[in-house]
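Going by TrEMBL, these are the annotated features:
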{"type": "DOMAIN", "residues": "18-411", "note": "domain 'Amino acid transporter transmembrane'"}
{"type": "TRANSMEM", "residues": "20-40", "note": "transmembrane segment"}
{"type": "TRANSMEM", "residues": "47-66", "note": "transmembrane segment"}
{"type": "TRANSMEM", "residues": "105-129", "note": "transmembrane segment"}
{"type": "TRANSMEM", "residues": "141-158", "note": "transmembrane segment"}
{"type": "TRANSMEM", "residues": "164-185", "note": "transmembrane segment"}
{"type": "TRANSMEM", "residues": "243-266", "note": "transmembrane segment"}
{"type": "TRANSMEM", "residues": "286-308", "note": "transmembrane segment"}
{"type": "TRANSMEM", "residues": "328-349", "note": "transmembrane segment"}
{"type": "TRANSMEM", "residues": "355-378", "note": "transmembrane segment"}
{"type": "TRANSMEM", "residues": "390-414", "note": "transmembrane segment"}
């Protein structure tokens, strides 16, 4: 095949500096972020026991496969592709370079909006525990969350600099996951019966089930695997595969536990933010919500890092310490503006489940499944048998149809919610 020689800028961030174990913590942090508190309501409630369990297991296997395809193309053609768009541009050309960057930007931007909504929701949950009034509303807490995210973004110059924060993130994750599981088990034992039927009319069920499928793929996929792989030490493919295997085995267990136990405890009445459903001591719930808030701040930084890398590489001052005043001022202006726009959109339309479905539909499906299979098909064309080629084409067509159907379902969900809630809603 013909490779297209594009001018790829050198990154202003560090590469090849992290062990596979540290990279696995980045990946595990991404799937066990505070989003896990939403999967009982956004995945299990629309799909039920059989659909939810089977769907989550299939999503795990399919996601591992798709990510492994991308990981194995990291050094394709004798070049290291440290950005998703660089790999697509090398295989397809300049036009696909731009399309991939656009898809990835939308994907990461919407994920980050979701994190800000999550962080704001967690802060509001703490407030409601101790104040029975409506003085402070969700948009106020979203604004506070945005400010904290911006401060953190300025202080951490690049992805590899997270270091100790990945350990902090893991501890925070374990706090809200363990609290959610323990309180859910307590409520489930004390509650004699639950309704596990899928609610709504036949038409509603079709749309909610389709939307839940998009949330399934959203759970496991970063949409920035080459950027994460860029930070790992040589041998990059072997080390990345180690990190992926850890992510999709031991790393996925907390997600499974909180998702299934939460749904078992509350059935079809499970909230889209599980901590809103549980009952227990105020201080325990407050601790879990504060942990979810802080972990969302760290997770947002991971998913915003490709955007930060682009701004730093293209517009940043060259050379000098990341902690130099000129570099701090640059990050304050650029990252602060990015977070400000994300925060404004999050406050305008704070519908978390809809964000997950729409993000999965319009960007996660194309980036992680359609593009991964097609890139591998084109790149390895001469080495694949006819059966292997057919397999990849079937994946491209299937996930293309799923992306279209999920996008329609997600837009419908947002349309319905927009009728029920005004902008800057106190959801």
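Yeah, the Cβs are placed from backbone N, Cα and C, and that goes for glycine too.
Where the annotation comes from TrEMBL, it is an automatic prediction and has not been curated.
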Statement: Other same-chain positions with a Cβ less than 8 Å from the transmembrane segment (20-40) and lying at least 6 residues past its termini are 56, 114-115, 118-119, 122, 159, 162-163, 166-167, 169-170, 173, 176-177, 180, 215, 218-220, 222, 228-229, 231-233, 239-240, 242-244, 246-247, 251-252, 254-255, 258-260, 262-263, 266, 270, 272-275, 292-293, 295-296, 298-299, 302-303, 352-353, 356
- request: Using a Cβ cut-off of under 8 Å, list the residues of the same chain at least 6 residues beyond the transmembrane segment (141-158) that approach it.
  value: 12-14, 115-117, 119-121, 123-124, 127, 165, 293, 296-298, 300-301, 304-305, 308-309, 312, 322-323, 327-328, 331-332, 335-336, 339-340, 342-343, 346-347, 350
- prompt: Are the transmembrane segment (355-378) and the transmembrane segment (328-349) near each other by the rule of at least 3 C-beta pairs under 8 angstroms (pairs 6 or more apart)?
  reply: no
Query: Does the transmembrane segment (243-266) reach the transmembrane segment (355-378) with at least 3 CB pairs under 8 A, where each pair is 6 or more residues apart?
result: no
Message: Any contact between the transmembrane segment (286-308) and the transmembrane segment (355-378)? By contact I mean 3+ C-beta pairs closer than 8 Å, pairs at least 6 apart along the chain.
response: no
- request: Could you give the residue numbers and ranges of same-chain residues that sit at least 6 residues beyond the transmembrane segment (355-378) on either side and whose C-beta is under 8 angstroms from one of its C-beta atoms?
  value: 1, 35, 38, 42, 62-63, 66-67, 69-70, 72-73, 84, 87-88, 91-92, 100, 103-104, 106-107, 110-111, 113-114, 117, 211-218, 221, 223, 384, 389, 392-393, 395-396, 399-400, 402-403, 406-407, 409-411, 413-414
